[in-house]
């Protein structure tokens, strides 16, 4: 008993440390490293999936990228299973960070499960599944939506595949659950977004000219970034600020047009969504199917034996 109590205490301590490190990562590291934050959606939207089927992460991560989901076709009630979200991207990709420097990409994901499905508790995980999901802090989208799970930001180089341990409901105990085929929706993003929840643009955007005219001077700032001095076609001076880290593709003396791209597109990330289906299978139905197949095979065997017997009788009668 003392050994079990000690193990439980150690597990709780590890969980608490993981939670604390995740919070510190969000508060301290994240603003400079990545905006792959499902937490932004949690703060701004009651549900991450709009009526149109669009997942709200796409409102900030404007580039479209692929995401894959792997889940079993069918599961039994009160069973733990894996759902794998794959977020691929180029190994050599480096993104522009909030301070203008270059860094690796972080990833985040949201999994929208059917009602009744939820994150599997730690005491239901197998040793193998515990090993696969260690150092991952997966949480419900809200206290009222335990079927919606989010994770992120986490380093993308080690987490291109994120395993979600899921517990299926038991219709015998949960009257809201039924043996049925259900959809699972998933969204996954890599890298920083282009728009903050406030509506402001990040520095991870293509910069367009704010006026038509001639570039008189490109002034480099000490803390990074530029000021592009444009003499507009109306002979007025327009000074356009360029955030740190953005690479210009125009030069002094060049004539530009309004809304013309004057920088390279720094974004190497993006968001994608996908879906699959899963069947909550009744054990009684499986037993019934097994019994049906057994009876069918048995009937076939008796039919063949009866046919053989009939053929022998016919052959004997012909000999007489």
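Just so you know, glycine gets a Cβ as well, placed from its N, Cα and C.
Quick look at what Swiss-Prot lists:
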- 37, 57, 60, 61: heme binding site (BINDING)
- 1-36: signal peptide (SIGNAL)
- 286-305: transmembrane segment (TRANSMEM)
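Ranking the binding-site residues 57, 60 by how many Cβ atoms sit within 10 Å of each one's Cβ puts 57 at the top.
Residue 61 (heme binding site): 27 other CB atoms within 10 A of its CB, across all protein chains.
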